[in-house]
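A.B. asks: Pulled the feature table from TrEMBL, pasting it below:
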| type | residues | note |
| --- | --- | --- |
| DOMAIN | A:37-90 | domain 'RNA polymerase sigma-70 region 2' |
| DOMAIN | A:129-177 | domain 'RNA polymerase sigma-70 region 4' |
Amino acid sequence: MTSAQISDCVSQMQQGDKAAFRKLYDMYAINICGAINLIVSDTNKSEEICQDVFLTVWQKSAQYNPSKGRFFTWLLNIARNRAIDHVRSSTFKQEKQNLSADLLVGIAEDGAFEDEVVHPQEHNLKQLIEGLTQKCREIIAYLYFRGYTQKAVAEELKIPLGTVKTRNRDCIGRLRKNLNERDGRQ
Amino acid sequence: MNEMDVSKYIASGILELYVAGALSEQENQEVAALAQEYPEILAEVEAIEASIRELAASYASGAAPDFAALESQLTSPSVKQLKPGEPEPRRFRLWAYSGWAAALIIGAASLYLLQERNRMAGELDGLQEENTQLETQISQAREGLENANATLKALGEKGIQLVPLTGQQVAPEAYARAFWNTEANRVYIDANGLPEPPPGMVYQVWSLKLDPLTPTSLGLLEDFAADTDKIFALANPNDSEAFGITLEPAGGSESPTLEQLYTLGAVSS
């Protein structure tokens with residue numbers, strides 16, 4: 001779907017069109033469920049949270065305003081808030097044995113994701129983050145999957161505030177290059 | 001914005017932050033407007049978004065859960081679509097009310113305890129008052145007993161002469177007794193047989209010489225009603241031949257009012 005088609009779909013969903021909602025779900029569910037799993041590292045729990053996130057999306061769709069950001073950004077924000085809430089909850093801390101390897105280190109609380117567990121799409125992931133420096137992985141993790149502000153990222157990674165924006169662009173550039181190469185090879 | 005500016009804008013990294021949701025509301029509106037106006041900017045935003053979506057998708061456990069599971073829940077009233085501006089339905093949150101409930105319970109309990117405390121304090125005051133009254137009664141009784149003992153002792157002394165005083169015309173039922181200790185020059189009047197004097201009046205005791213009739217005042221039976229044993233001690237240095245008791249105006253009289261002679265008795269020789 002193009003951006004214009006997505007916009008149409010979103011406004012139809014806002015009118016209560018379940019078919020439009022379904023189209024959006026089919027388009028974004030894999031990304032949103034993946035983002036949640038990236039944060040909670042528990043496939044069963046992340047699917048549960050993911051479904052809950054989309055129910056919220058349906059319920060609160062009227063709150064989305066296209067002039068204030070991308071629909072995906074709105075979805076991602078709801079998803080990571082819900083996932084981070086779960087990570088901070090006590091149940092998560094008790095069930096820590098289910099954590100999987102996280103190549104975007106530093107995402108979880110206390111750097112808890114150190115265990116090496118086979119990732120379902122490990123190969124895919126490795127291709128995407130190939131050549132990304134540790135700092136890049138951290139910047140991306142904090143900005144997109146933890147919802148940090150530039151200032152918070154600068155403080156966390158001890159880099160000047162003014163460099164966060166350009167460093168992140170460089171990192172995303174490398175990610176896009178990897179993505180293009182992968183798709184070019186397919 | 002010319003082409004150069006668009007490239008610079010893209011290179012600044014602001015679009016990456018736009019996708020992350022890390023911009024201010026004002027910046028978001030600016031980027032959204034420029035993306036509508038400049039296709040290069042929109043294309044760049046889409047590419048950035050696509051890369052993040054791909055990265056996220058590589059963490060998915062497989063295919064996303066089927067939409068059917070979600071669809072079945074859309075009819076539930078709890079996930080009803082909210083209209084624009086409609087506030088979220090308030091769930092009954094126990095914790096939100098438990099505080100109030102606790103406050104109410106504590107308040108009610110405090111009130112009850114306060115009332116109970118006041119009630120008990122009142123009861124205590126009552127008991128203390130009662131206690132004081134009892135103490136007074138005991139001390140009065142002890143005093144009365146001491147007086148009675150003193151009286152008995154006085155009456156039992158050697159040289160006491162008993163003089164019965166009989167009722168006279170104004171009060172035939174009245175009677176009294178005089179215990180005269182001639183050695184100590186004291187006379188004890190037992191006035192138990194006299195009626196209570198009317199208000200403003202007082203009994204006066206006289207020592208009498210009979211030939212010629214010469215009355216000498218021995219004193220007043222003051223506070224008659226309040227005196228429990230009705231035994232009055234008076235000094236009597238006289239060589240009495242008889243004793244009489246008259247009713248006189250308060251303060252007593254110089255000479256007896258014979259019309260109000262209640263009792264009279266002669267000393268037996």
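Yeah, the Cβs are placed from backbone N, Cα and C, and that goes for glycine too.
Give me the local environment of each listed feature.
C.D. replies: In terms of DSSP secondary structure, the domain 'RNA polymerase sigma-70 region 4' (A:129-177) contains 38 helix, 0 strand, 11 coil.
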A.B. asks: Please work out the helix, strand and coil residue numbers for the domain 'RNA polymerase sigma-70 region 2' (A:37-90) from the DSSP assignment.
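C.D. replies: Helix/strand/coil tally for the domain 'RNA polymerase sigma-70 region 2' (A:37-90): 46 helix, 0 strand, 8 coil.
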A.B. asks: To what whole number does the mean pLDDT across the domain 'RNA polymerase sigma-70 region 4' (A:129-177) round?
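C.D. replies: Across the domain 'RNA polymerase sigma-70 region 4' (A:129-177), the average pLDDT comes out at 92.
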